[in-house]
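Enquirer: One structure is given below, represented as structure tokens, and several questions about it will come after.
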Ligand code: PMP
């Protein structure tokens, strides 16, 4: 046998790291059903409850009627249509960028940018806690990667070389929920003559005026970074992603990004749904306020219980546990109490930093947060 899968899987199981896929019977958002049981869901990324908004669902249905189920081709063939072009223009208006390009997933968007852009003559500087899609794309590119300590601008400054490449960070970090110091990153990129890429998968829609994201929340404009990446699968409630920047950047990626050129474009109906999702998110101040209230309620209750939370003011609230086994046991105890929370273990997070990644949404109710807190009190007693 050329591949010894069983012993690799057995070793992973022995290390307590084997993943099991969970198949939902039904539900989405605040409540899910698994194997006939209902659970309050604190694991999703639908931070504003967009995934169930009637106008977004209706736009998807109307798009299906008008455009059919799929795009039928890659974008440079015949897969690029009016709904995609409208969505790109809408992103430009919303975020104040010159141009945008659509991808089927954020993972593909990150691969596309880093692999198309970085050559062996370049350098890349990545925050140590960047998402796997950034780290893997960077590793697959020929440019040497320098990883700086999480949000440590002094460390980054020491590693930087002038005019050599790309600094890459997230806006809101996916497993920790904290924000990057964006004005310092912009200043360092400007002073060193390097480009800056921000992956705002978890800030877009949630933070800033009209949900414009982490840059807006920190008083910056999107065109202060050369590359902005965002996803539609989180606060926008759909799926897919975009890369935004100059017209030249987008032209370059449309020519050289293999994940763009050689992949079936996302369905036009999905683009219509995403357009409706952006329109909904832009005016969703009420949902953003509700989410903030839930975050405050949770953090206050968790502090009273003496729980070890991360330094996060966003929807992502890590409960730091340490060892993988302990995180799994805690997640199991919460499930026994009707609360669904996912244990996050290495290699997704560094060794010894297993955690429960709790996510709060606007769709939760204050009594859901109270139930979460009382389940946590019992499960950690
Ligand atoms: N970037 C970050 C920071 C993410 O957290 C994720 C997904 N969890 C992605 C990119 C990938 O996006 P997608 O799920 O659309 O592939």
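Glycine is treated like the rest: Cβ placed from N, Cα and C.
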Enquirer: Going by TrEMBL, 131, 348 bind substrate; tell me which of 12, 19 is listed for that site too.
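Expert: Record source TrEMBL; matching candidate: 19.
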Enquirer: Of the candidates 81, 174, 183, 246, which does TrEMBL annotate as part of the pyridoxal 5'-phosphate site that also includes 106, 107, 202, 231?
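Expert: Among 81, 174, 183, 246, only 174 appears alongside 106, 107, 202, 231 as pyridoxal 5'-phosphate-binding in TrEMBL.
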Enquirer: Is it possible to get the count of other C-beta atoms within 10 angstroms of the C-beta of residue 107 (pyridoxal 5'-phosphate binding site)?
Expert: 18
Enquirer: Under 6 Å from ligand 1 by Cβ, which recorded positions from 19, 234, 348?
Expert: none
Enquirer: How many Å separate the Cα atoms of residue 348 (substrate binding site) and residue 106 (pyridoxal 5'-phosphate binding site)?
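Expert: If we compare the Cα positions of residue 348 (substrate binding site) and residue 106 (pyridoxal 5'-phosphate binding site), the gap is 17 Å.
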Enquirer: I need the least crowded one of these recorded positions (19, 131, 202, 234), counting other C-beta atoms within 10 angstroms of each C-beta.
Expert: 19
Enquirer: Look up residue 106 (pyridoxal 5'-phosphate binding site) in the DSSP assignment and report helix, strand or coil.
Expert: helix
Enquirer: Among the binding-site residues 19, 107, 131, 174, 202, which ones place their C-alpha within 10 angstroms of the C-alpha of residue 234 (N6-(pyridoxal phosphate)lysine)?
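Expert: Of 19, 107, 131, 174, 202, within range: 202.
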Enquirer: Rounded to the nearest Å, what's the C-alpha distance separating residue 19 (substrate binding site) and residue 106 (pyridoxal 5'-phosphate binding site)? Just drop the number here, would you?
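Expert: Distance between the two Cα atoms comes out at 22 Å.
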